[in-house]
Amino acid sequence: MVKFPALTHYWPLIRFLVPLGITNIAIDFGEQALNRGIAAVKEDAVEMLASYGLAYSLMKFFTGPMSDFKNVGLVFVNSKRDRTKAVLCMVVAGAIAAVFHTLIAYSDLGYYIINKLHHVDESVGSKTRRAFLYLAAFPFMDAMAWTHAGILLKHKYSFLVGCASISDVIAQVVFVAILLHSHLECREPLLIPILSLYMGALVRCTTLCLGYYKNIHDIIPDRSGPELGGDATIRKMLSFWWPLALILATQRISRPIVNLFVSRDLGGSSAATEAVAILTATYPVGHMPYGWLTEIRAVYPAFDKNNPSNKLVSTSNTVTAAHIKKFTFVCMALSLTLCFVMFWTPNVSEKILIDIIGVDFAFAELCVVPLRIFSFFPVPVTVRAHLTGWLMTLKKTFVLAPSSVLRIIVLIASLVVLPYLGVHGATLGVGSLLAGFVGESTMVAIAACYVYRKQKKKMENESATEGEDSAMTDMPPTEEVTDIVEMREENE
């Protein structure tokens, strides 16, 4: 068997990240399978794709913050009591999300948000609100799955997490194929992707919960001991979670904002509906080569030996911060290569759209330029993920909050300014998203530098204090020092 000693320190990182990367890519494939379920409907396919895209992107705004409870499970859940608190938080959050879904579906608020703000016609608006109502229970199921995924990641069960997500996608693809041959294609085509989404989530949630009970539940204590900092309080969990939730909420609301501005820019015409449909089709395809880089932020908390919660998990790896940095750089280079191969090689991106989503060639050609813009996303995404993971390890997530605000400001500014430069449609949307990513990553880098300087100053002060104390207590008398020097001279 061939061995690579230079890679010894990186195998744990590879084994940990690869399943998570596959998970992220699998989610994108799942989205494409759902889009194919709509595109296969011959009548009003573009209108249905736009309606589902609007509803799905709004729903992602509610589920986004909950998926970051994975990081709470990764960092804070050290006992059964901690896990109960995390699950309780997610039950409440899921109920609140369901209430908002219902309000948007039935109230004037939903009519204003979807019909008026997006300038879509009555048909698209009513289909979007109906789809949003059907998706009301999904945030709760998604939250339960992600909470247990974080606990499994803490114990290095990333392979199980990856298998759960792949099972989710397989279930979605299977149910799309089954439902396309049912009466739903004629009576309620929107239910084809939505029911498939629910079945996939049910499979994923069940797999993760069973994995937790089989592998972890019996080995963790009922309560956390003092060596792990004691039981985590709900307040600590929420203080850690809210900046991450705010960031992910702004990431998820970015898509609805883009859809809104792109649609309004084109005046709610058929071109606007087509542009939103292009964005719906290109998001998962463009996200696929770089989306997995987001999972890099789980690496620092999982492998950093200064994190007290890692004492619970027995490990013999020798991964250092330097190894993590080099590994992160290689991941970014790999992602950039994938992006340029997929989106800049002639006819490759069109073939992906035609074969996977099932759109026609004319529609696929309209997606080429937006997809090429996605090629530049890996750099800001990698910077953000790497530094966020480091700050999560230090439990200093509060400094990340301003980055989400800057992202939205840059995004909206780009959506307003670029049309004056002749940029419209899906190209306007994806270009503005890139500008928002760059702005957010820049602010995260500034926040990380601020924390690093504070940490360095704190360590220098502690070292100086310890040096003074040791000088006062450990210094032998002057006569003893003289005797020691004389003895050394005699021996020489």
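Backbone N, Cα and C define each Cβ position, glycine as well.
According to Swiss-Prot, the region 'Disordered' annotation covers 458-492.
Swiss-Prot lists 1-85 (among others) with the feature topological domain 'Cytoplasmic'.
For 107-131 (among others), the entry in Swiss-Prot reads topological domain 'Extracellular'. Sequence-distant contacts of the topological domain 'Extracellular' (107-131) (same chain, at least 6 residues past either end, Cβ-Cβ under 8 Å): 47-48, 50-52, 54-56, 58, 190, 194, 259-260, 263-264, 267-268, 272-273, 276.
Sequence annotations record features per position, and here Swiss-Prot assigns topological domain 'Cytoplasmic' to 153-158 (among others) based on sequence analysis. Panel annotation: around the topological domain 'Cytoplasmic' (153-158), residues 15-20, 70, 73-75, 77, 211, 215-216, 298, 301-302, 309, 312-313, 315 of the same chain, lying at least six beyond its termini, place a Cβ under 8 Å from a Cβ of the stretch.
Look at Swiss-Prot and you will find 180-189 (among others) tagged as topological domain 'Extracellular', backed by sequence analysis. Confidence over the topological domain 'Extracellular' (180-189), given as mean pLDDT on the 0 to 100 scale, stands at 70.
According to Swiss-Prot, the topological domain 'Cytoplasmic' annotation covers 211-326 (among others). Helix, strand and coil counts under DSSP for the topological domain 'Cytoplasmic' (211-326) come to 82 helix, 0 strand, 34 coil.
Sequence annotations record features per position, and here Swiss-Prot assigns topological domain 'Cytoplasmic' to 372-403 (among others).
Per Swiss-Prot, the feature topological domain 'Cytoplasmic' maps to 453-492 (among others); the stated evidence is sequence analysis.
The transmembrane segment annotation in Swiss-Prot covers 86-106 (among others). Proximity of distant same-chain residues to the transmembrane segment (86-106), defined by a Cβ-Cβ separation under 8 Å and at least 6 residues beyond the stretch ends, is recorded for 58-59, 62-63, 65-66, 69, 72-73, 76-77, 113-114, 129-130, 132-133, 135-137, 139-141, 143-144, 147, 234, 237-238, 241.
Counting only same-chain residues 6+ beyond the ends of the transmembrane segment (132-152), those with a CB under 8 A from a CB of the stretch are 55-56, 58-59, 62-63, 66-74, 77, 83, 86-87, 90-91, 93-95, 97-98, 101-102, 104-106, 110, 114, 158, 160-161, 164, 190-191, 194, 197-198, 201-202, 204-205, 208-209, 211-212, 215-216. For 132-152 (among others), the entry in Swiss-Prot reads transmembrane segment, with the evidence type sequence analysis.
Outside the transmembrane segment (159-179) by six or more residues, the chain places 15, 18-20, 22-23, 26-27, 29-30, 33-34, 36-37, 145, 149, 152-153, 185, 191-193, 195-197, 199-204, 207-208, 211, 215 with a CB less than 8 A from a CB of the stretch. Residues annotated as transmembrane segment in Swiss-Prot: 159-179 (among others).
Summarising the annotation, Swiss-Prot assigns transmembrane segment to 190-210 (among others).
Swiss-Prot lists 327-347 (among others) with the feature transmembrane segment, giving sequence analysis as the kind of evidence.
The annotation transmembrane segment is assigned in Swiss-Prot to 351-371 (among others).
With a threshold of 8 Å between CB atoms, the same-chain residues lying at least 6 positions outside the transmembrane segment (404-426) that come near it are 243, 246-247, 249-251, 253-254, 257-258, 261-262, 265-266, 271, 274-275, 278-279, 282, 366-367, 369-370, 432-433, 435-440, 442-443. Swiss-Prot lists 404-426 (among others) with the feature transmembrane segment, giving sequence analysis as the kind of evidence.
Under the heading transmembrane segment, Swiss-Prot lists 430-452 (among others), citing sequence analysis as support.
Below 8 angstroms of C-beta separation, residues 247, 254, 258, 261, 279, 282, 286, 370, 373-374, 376-377, 379-381, 383-384, 387-388, 390-391, 394, 396, 399-400, 402-404, 406-411, 413-415, 418, 423 of the same chain, each at least six residues beyond the ends of the transmembrane segment (430-452), sit close to that stretch. Residues 71, 74-75, 239-244, 246-247, 282, 286-287, 289-290, 293-301, 304, 306-307, 324-325, 328, 331-332, 335-336, 339-340, 343-344, 349, 427, 430-431, 434, 437-438, 440-441, 443-445, 447-448, 450-451, 455 of the same chain lie 6+ residues outside the topological domain 'Cytoplasmic' (372-403) yet bring a C-beta within less than 8 angstroms of a C-beta in it.
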